Amino acid sequence: MKMLLVRKFRVLILMVFLVACTMHIMIDLLPRLERRGPEGRPGCSCPPPAAAPPRAAAPRWPSKHTLRILQDFSAEPASNLSSQSREAAERAAGGGGGGAGGGGAAAAAGRARRLIGPGAPRPPPPAGNAAPLAALFQHPLYRAALPPLADGDLLFNVNSDIRFNPRAAEQPEWQNEDHHEEFLPTGETSVDSYPNWLKFHIGINRYELYSRHNPAIEALLQDLVSQKITSVAMKSGGTQLKLIMTFQNYGQALFKPMKQTREQETPPDFFYFSDYERHNAEIAAFHLDILDFRRVPPVAGRLVNMTREIRDVTRDKKLWRTFFISPANNICFYGECSYYCSTEHALCGKPDQIEGSLAAFLPDLSLAKRKTWRNPWRRSYHKRKKAEWEVDPDYCEEVKQTPPYDSGTRILDIMDMTVFDFLMGNMDRHHYETFEKFGNETFIIHLDNGRGFGKYSHDELSILVPLNQCCRIRKSTYLRLQLLAKEEYKLSLLMKESLLKDKIAPVLYQPHLEAMDRRLRIVLKAVSDCIEKDGYDNVVENDFNTDVNTVATER
């Protein structure tokens with residue numbers, strides 16, 4: 001009798017185990033099964049809304065049972081910021097269905113706060129004899145040549161005979177066998193076969209991420225907005241949601257979704273470390289390389305279909321499970337992160353289109369190691385405590401005695417970064433990175449600029465403390481700042497023209513552009529005060545050769 005009970009118990013345990021395994025397998029297959037409609041064809045398992053236009057039937061979603069599990073009927077207005085932005089875009093484009101007459105269209109045209117809809121025509125560049133950007137790039141300050149590049153000044157020493165093989169992109173090595181000849185079009189060199197993201201990588205050197213007029217950069221920006229997205233995953237780390245998107249040409253980019261409309265400012269009670277990360281700030285930071293730093297990886301804006309280009313291609317189950325439909329019938333998701341990843345702060349489309357920035361990836365760390373440095377003027381990231389530099393006016397003297405700031409150009413790089421951040425209003429520069437191969441004699445990479453352009457009505461003077469304390473600046477930077485303060489090369493006009501090239505233009509609200517002109521004058525006043533106190537030669541570091549310096553100052 002006892003043996004019989006033991007056998008029954010074993011059979012029961014086995015049956016429970018088999019049922020559990022079956023349930024796990026079904027759960028894993030559920031996302032794929034729910035994407036299939038009747039007769040095995042892709043389709044929506046939900047009944048279409050009455051009198052819906054054909055486009056509304058495109059999004060494909062799980063069964064009603066799954067939607068009820070994912071659904072969260074949040075009434076928080078902030079959970080639909082993207083939808084509000086798309087509504088504003090439609091109103092600005094004049095395509096709203098509200099029966100607007102001639103008077104309503106005229107009123108809409110006069111509104112200052114508006115966005116360009118997906119089908120709206122792009123505003124023309126500023127009128128004049130020549131485009132300001134083209135004239136700027138003809139100026140001697142923007143035509144100075146780099147020092148000759150030795151092998152040690154290049155991030156990668158590329159064998160031009162090796163062809164890029166797409167099938168080997170996931171392997172640690174490139175292939176160069178004869179049977180891959182089909183990937184090399186007739187008449188092209190081997191380098192021509194490289195995708196644009198790879199051309200960007202092999203162009204990195206000791207002095208810059210990319211050259212001024214590298215055609216591969218323009219082509220890469222186009223790839224960021226047009227390449228098919230083949231997979232999506234959440235990026236680990238960080239305080240807010242970011243997605244890693246992989247393209248059909250094996251390139252990758254970091255996607256930051258839209259969280260605020262253009263005209264929204266950071267609330268005055270927000271601490272800098274809890275501020276939103278803005279997608280348009282990432283785009284504008286790349287274009288702010290008008291300062292000729294060329295230290296921000298290429299970034300472009302893109303309108304993404306959340307259903308087809310995120311939910312349907314992701315293998316990240318944690319991300320997939322956060323999708324739901326809002327009470328307004330918009331597709332939403334929130335992912336997982338430290339801040340603002342909840343149904344109350346969900347990212348919602350209109351109905352499933354969402355705006356975002358795509359920043360091209362730098363070379364993989366296994367190929368090009370980067371060193372992370374703590375910013376000497378890092379903030380305390382505390383509600384009450386202050387950092388040492390905020391209470392010690394002589395803090396810079398201590399920094400200048402500490403490697404790598406005691407020699408070379410690193411302290412001048414910090415000053416460049418200070419000016420860059422002040423023009424954007426970015427208070428969140430806690431660390432920075434450099435390429436390890438180049439040692440300490442190289443530029444600082446200006447990564448993660450999402451907390452810039454948060455306030456146009458306030459200039460955060462504490463960002464300028466490094467410049468005020470150290471009173472050092474490159475001559476090239478100083479002359480370019482002076483140039484951009486002139487009426488014919490006005491920074492706000494140049495930025496506006498440059499940003500019009502982006503697919504989601506206008507990228508910045510007009511008051512943000514005007515704020516940059518105001519902040520530029522503040523920077524020049526700070527440098528002028530330093531020169532008056534310490535003398536020109538002690539403040540302005542001459543980084544030009546004689547010929548360029550003479551031409552630039554005479555202009």
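Numbering starts at 1 and runs along the chain as it is shown here.
Every residue gets a Cβ built from N, Cα and C, even glycine.
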Margin query: Need the matching range: TrEMBL marks region 'Disordered' on one of 76-110, 181-215, 426-460, and I'd like to know which.
Written below: 76-110
Item checked: Range annotated as region 'Disordered' - as stated in TrEMBL, picked from 38-61, 302-325 -> 38-61
Notebook entry, point to check: Which number gives the other C-beta atoms within 10 angstroms of the C-beta of Q240 (ATP binding site), all protein chains shown included?
Noted result: 21
Check: Listed ATP-binding residues Q240, K256, E277, A359, A360, F361, L362, E433, D448 - what's their greatest C-alpha to C-alpha distance in Å?
Finding: 20
Checklist line | Among A360, L362 [binding-site residues], residue with fewest other Cβ within 10 Å | finding: L362
Checklist line | Sparsest-packed of the listed recorded positions (E277, D428, D448) - C-beta count within 10 angstroms | finding: D428
Checklist line | Average pLDDT across the domain 'FAM20 C-terminal' (323-540), rounded to a whole number | finding: 95
Next item on the list: Using C-alpha atoms only, work out the spacing between A360 (ATP binding site) and D428 (active site) and round it to an integer in Å.
Entry: 21
Check: Cα of Q240 (ATP binding site) to Cα of D428 (active site): how many Å, rounded?
Finding: 13
